[in-house]
């Protein structure tokens, strides 16, 4: 029955992502900013899941389900494809590279935060 | 927006609970599809990269391009609802950035037994392949849109 919980967690993750997008759009930000923020938060959270005993193999509902459903790759690809088609070449190159670099930094921060919490608690 | 279009949009625009429902159902279906794919191509942190994630991300990027250029038409669901169900929901859930970050981090710090240089190309290649797939999807979608008039 793991598959069912993974699927339901994915639905929850997608609703959280959509909520974050609505909040960004309401605040006057573009959906590009929302996708960026979502994926960076998801990278940070993934580091926490990787760090807990059992890691992602033992926690598919959190890793593949909740965080997999929360983060997205397709929206980022489409945004950059449209940037390139419409001649926004700098944004088309810089945005995806900034996203992956920020995700890596957020993941590293997540590992450190887990390490600190683990030592303190 | 043509005259009268705004009123039409307001009338067919789904309410917040309906929109959350569409995103939830789509996200669950897309996530399940990626999970089943990952059972066929399991991720091993000691031996990156993740091929299931690569397949899901590139395929999902192609399909979102098709969807953006040729949204489905039906009487029951409007264009905004289809985009929430299939785009934000199914394809957003099918593709993932958190698992992709595992490989990006491994490439950055040289973790795992795969050659780090090769992992860097795998990660950058996945971004390029995703954008190329979305461009191809847009082209296919525009062609579909022209053929159905």
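Every residue gets a Cβ built from N, Cα and C, even glycine.
According to TrEMBL, the features are:
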- A:6-25: transmembrane segment (TRANSMEM)
- A:37-56: transmembrane segment (TRANSMEM)
- A:62-81: transmembrane segment (TRANSMEM)
- A:68, A:71: Na(+) binding site (BINDING)
- A:93-117: transmembrane segment (TRANSMEM)
Should one count Cβ atoms within 10 Å of each candidate's Cβ, the binding-site residues A:68, A:71 would be headed by A:68
Within the same chain, where does the transmembrane segment (A:93-117) have neighbours whose Cβ lies under 8 angstroms from its own Cβ atoms, ignoring anything closer than 6 residues to its ends? I mean 6 or more beyond.
32, 36, 39-48, 50-52, 76, 79-80, 83
Within the same chain, where does the transmembrane segment (A:6-25) have neighbours whose Cβ lies under 8 angstroms from its own Cβ atoms, ignoring anything closer than 6 residues to its ends? I mean 6 or more beyond.
31, 33-35, 37-38, 60-62, 64-72
Look up residue A:71 (Na(+) binding site) in the DSSP assignment and reduce it to helix, strand or coil.
coil
